[in-house]
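Quick notes on the structure that follows.
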């Protein structure tokens with residue numbers, strides 16, 4: 001009886017073990033199938049789209065940038081262009097604004113013409129004597145074109161001219177007067193000198209004799225560089 005009872009117990013235990021194994025297998029298959037489904041779902045989802053930078057067409061890039069209302073009505077910057085002028089036989093490239101002065105018709109004196117004008121001016125200076133302060137000033141390109149600035153001899157300015165800025169009158173040989181601005185610190189004539197140089201057609205190589213006939217008035221005598229060719233005739 002004991003052996004029969006033991007055999008029945010073993011059979012029941014074996015059945016229980018097999019049942020547990022089946023449950024475990026079922027559970028593993030369930031988890032596996034769930035993992036497969038999740039993987040399939042993830043693969044089916046579309047990947048997030050990457051943000052793309054807006055492309056600008058060539059035509060749009062060529063357009064000028066928009067200007068705010070504050071600056072839309074302001075004038076544009078001045079436009080500049082390059083011109084070529086002759087400078088002693090070689091080309092010099094200079095940049096001028098749209099309001100530049102015309103330098104293309106410059107006249108260049110020869111050494112002979114320049115020397116002749118200076119000699120004649122010094123002879124005239126000697127003839128005038130010492131009654132009034134006097135000095136000789138040869139003309140260069142900076143005096144008669146471009147900058148139109150006339151620097152005066154510093155010792156003469158310190159001794160005879162005002163110590164502060166003042167208007168100085170230039171009187172030509174026809175007694176026509178021209179007003180100029182004398183800058184004491186720079187010892188030269190500024191505003192007004194350009195008009196005098198243009199009106200009297202001064203060119204490189206001409207030589208001027210300045211005679212101080214009053215405190216702020218010069219008598220100006222012009223010796224032309226071109227007079228060199230007249231002396232050869």
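In case you wondered, yes, glycine gets a Cβ from its N, Cα and C as well.
Taken from TrEMBL as is:
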type     : residues : note
COMPBIAS : 10-22    : compositional bias 'Basic and acidic residues'
COMPBIAS : 38-47    : compositional bias 'Low complexity'
COMPBIAS : 56-66    : compositional bias 'Basic and acidic residues'
DOMAIN   : 135-226  : domain 'TF-B3'
REGION   : 1-22     : region 'Disordered'
REGION   : 38-74    : region 'Disordered'
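Residue counts of the domain 'TF-B3' (135-226) by helix, strand and coil are 18 helix, 36 strand, 38 coil (DSSP-based). The DSSP breakdown of the compositional bias 'Basic and acidic residues' (10-22), given as helix, strand and coil counts, is 13 helix, 0 strand, 0 coil.
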